[in-house]
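J.: Let me give you the structure first, and then I'll get to my questions.
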Amino acid sequence: MGASGSKKLSKHSRGLRERLLRARGDGYGKQRDASGGEYSQFQEESGREQNSPSCEGQQYQQGEYMNSPWRNPATERQKDLYRQQNMDDVDSDDDDLIGVPVTPRVPRREMTYKLAIDMSHFIKEKGGLQGMFYSRRRHRILDIYLEKEEGIIPDWQNYTHGPGVRYPMYFGWLWKLVSVELSQEAEEDEANCLVHPAQTSRHDDEHGETLVWQFDSMLAYNYKAFTLYPEEFGHKSGLPEKEWKAKLKARGIPYSE
């Protein structure tokens, strides 16, 4: 993308971050990954990603994004304000929630490998998804935002079935979903905020897992979804129909006859 494109993205990114913040609330204590390791807000993982080999997208100027509780420590008052804002947004209409035009600003287009990588790095630079709890509502926010602001047809954001790590099925999208367990501290802190995605994520997921987005630069080179779970691609897998259907059935994944 050229300079003009990056300016356009920088301007409109603020809208996406604000809407995600409103649906997010704030960071809550520590999380535990599926293996039992404890960490806070994925900050350590985020730092490692900076030094890992990657298919770098467009570089963006730092300091353009608003302060957020997962980048800067929030005061107790800020935490309370974020929580209340999240509560107030629960019954909001999607159009009001997203704050984007009814029709796309640019011609509609399909997602491409390069576009997926550029969008992934752009969102990472703005801190928009890292360590954020996944929910169907946030899934919609991301779909609708990219459709209205970038013209991207919302048929690309799919993840492997699970349980465990959910890999993006669109090659080039560098955000996977990782299963985490909330610490006791976080569970108690969220007891009075049951509509927060940390609580609703497990209900959205058929495996009952709490999921967060995590950036993985190696997904630009390694098509993990297809390598590990080709049966989820059905006829596109290259497997005999009988074989991929049998694998889906064994994993309890429904499919159309």
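Placement of Cβ uses the backbone N, Cα and C atoms for every residue, glycine included.
Feature annotation from Swiss-Prot assigns region 'Disordered' to 1-72. Swiss-Prot lists G2 with the feature N-myristoyl glycine, giving similarity to another entry as the kind of evidence. According to Swiss-Prot, the compositional bias 'Basic and acidic residues' annotation covers 15-35. What Swiss-Prot records for 38-65 is compositional bias 'Polar residues'. According to Swiss-Prot, the region 'Acidic' annotation covers 88-96. Per Swiss-Prot, the feature motif 'PxxP' maps to 104-107. Feature annotation from Swiss-Prot assigns region 'Mediates dimerization' to 140-156; the stated evidence is similarity to another entry.
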J.: Count up the helix, strand and coil residues in the motif 'PxxP' (104-107) according to DSSP, in that order.
T.: 0 helix, 0 strand, 4 coil
J.: Pull the DSSP breakdown for the region 'Mediates dimerization' (140-156) and write it out as helix, strand, coil residue counts.
T.: 11 helix, 1 strand, 5 coil
